[in-house]
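Engineer: The structure is given below, and queries will be raised subsequently.
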Amino acid sequence: MGGHEELATRIDALLPQTQCTQCGYAGCRPYAEAIAAGAADINQCPPGGAAGIVALARLLGRAPKPLNPANGVEKPLVLARIVEAECIGCTKCIQACPVDAIVGGPKLMHTVIADLCTGCELCLPPCPVDCIELVPPPQSRSTR
């Protein structure tokens, strides 16, 4: 593994793995690669928040900086929950989920596997009936 690739792997290990794309990249690994290449700054990950920025700064020997508001704001962890009685089984949320945390079949109700959900919110926009809610995680998952 080359120096750039090894650094990207170490950076990726510090990212929250939400795959939310708020950083402007297609997922956590592409963002890590961009940071390692000097093409992205360390303050573009809202789910990682201030703690993530500090960890990246420490790894890279840089000073921490505030989260770039253009990428979003730091928020508490939430999980998606489908109101199953309202779900029409369109599968659009399944297709949007970057971590395969939603299961269900066409024209059948869908459900979120809470242990896999990262709270990225990418399932919300495609839902045509707004049957997806964001809820706090169970107490055991309240920290990232």
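Just so you know, glycine gets a Cβ as well, placed from its N, Cα and C.
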Engineer: Per TrEMBL, which of C90, C97 sits in the [4Fe-4S] cluster 3 site along with C117, C120, C123?
Structural biologist: C97
Engineer: To which of C45, C127 does TrEMBL also attribute binding of [4Fe-4S] cluster 2 at the site defined by C87, C90, C93?
Structural biologist: C127
Engineer: Select one residue from C45, C90, C117, C123, C127: among these binding-site residues, choose the one with the most other Cβ atoms within 10 Å of its Cβ.
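Structural biologist: Selected residue: C45.
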Engineer: Quickly jot the same-chain residues contacting the domain '4Fe-4S ferredoxin-type' (78-107) by Cβ under 8 Å, restricted to those at least six beyond its ends, or write none.
Structural biologist: 17-21, 27, 113-114, 116-137, 141
